[in-house]
Amino acid sequence: MVFYKYSGSGNDFLIVQSFKKKDFSNLAKQVCHRHEGFGADGLVVVLPSKDYDYEWDFYNSDGSKAGMCGNASRCVGLFAYQHAIAPKEHVFLAGKREISIRIEEPNIIESNLGNYKILDVIPALRCEKFFTNDSVLENIPTFYLIDTGVPHLVGFVKNKEGLNSLNTLELRALRHEFNANINIAFIENKETIFLQTYERGVEDFTLACGTGMAAVFIAARIFYNTPKKAALIPKSNESLELSLKNDGIFYKGAVRYIGMSVLGMRVFENGCF
């Protein structure tokens, strides 16, 4: 079984083709393990589709399934084009969501993440019990719960240095309280936003999270009046361009092909596949 590894903004994924839909949870946990597997933030299983160029099943590194992942959508788009599964412009199915892909340059990929939903506006009082003394989060007056394919909690700090002082235990507590990914961001100017994401399913900070960037972008646009196009810079420091149009959130940036790996017999023997 051959796995192809791609990275989108530091968010890395293993991609494999399958002609049968089955549960890949155990396989995802093993191959995504940083020390005992190939190492990745998630596993993408590319499947045939009657109505689309292809469809996927997406698994986080802990084996949990997710309907959507922004960076993975760009990675799988490039994979599909490079392996003659789909043309430069195509549409695939991610769970119940149609994702359109456009390859602008050899490694610049744009995906349309579709529409978003504001789930809740949460005053800081509802979150205070999770904060430690002198927490950076104490100065965030309001949090925003936004669905961009998966749920994200978004809060904005007043200075960029606050992003380097985030407490993992606080973010983990918020993640379980709201069953969402946690994004803390800083608006440097109207067109540049820095952020860090604590990702559900990875259970740690990740170098980038596409749906998280989309949620931060939407929160900034709606509640802080930023423009319809902005550069978002995650932990990896790779800038991505997000724009809001009538038919959804468009998300553009570089994708890198890292390499290929072949599955060893040990995984088969353990019953993961």
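Note that Cβ sites are derived from N, Cα and C of the backbone, with glycine treated the same way.
Cross-referencing Asn167, Asn181, Asn237, Asn246 with the substrate binding residues that Swiss-Prot gives (Asn11, Asn60, Gly70, Asn71, Glu199, Arg200, Gly210, Thr211) picks out Asn181.
Counted within 10 Å of its Cβ, the other Cβ atoms near Asn11 (substrate binding site) come to 30, all protein chains included.
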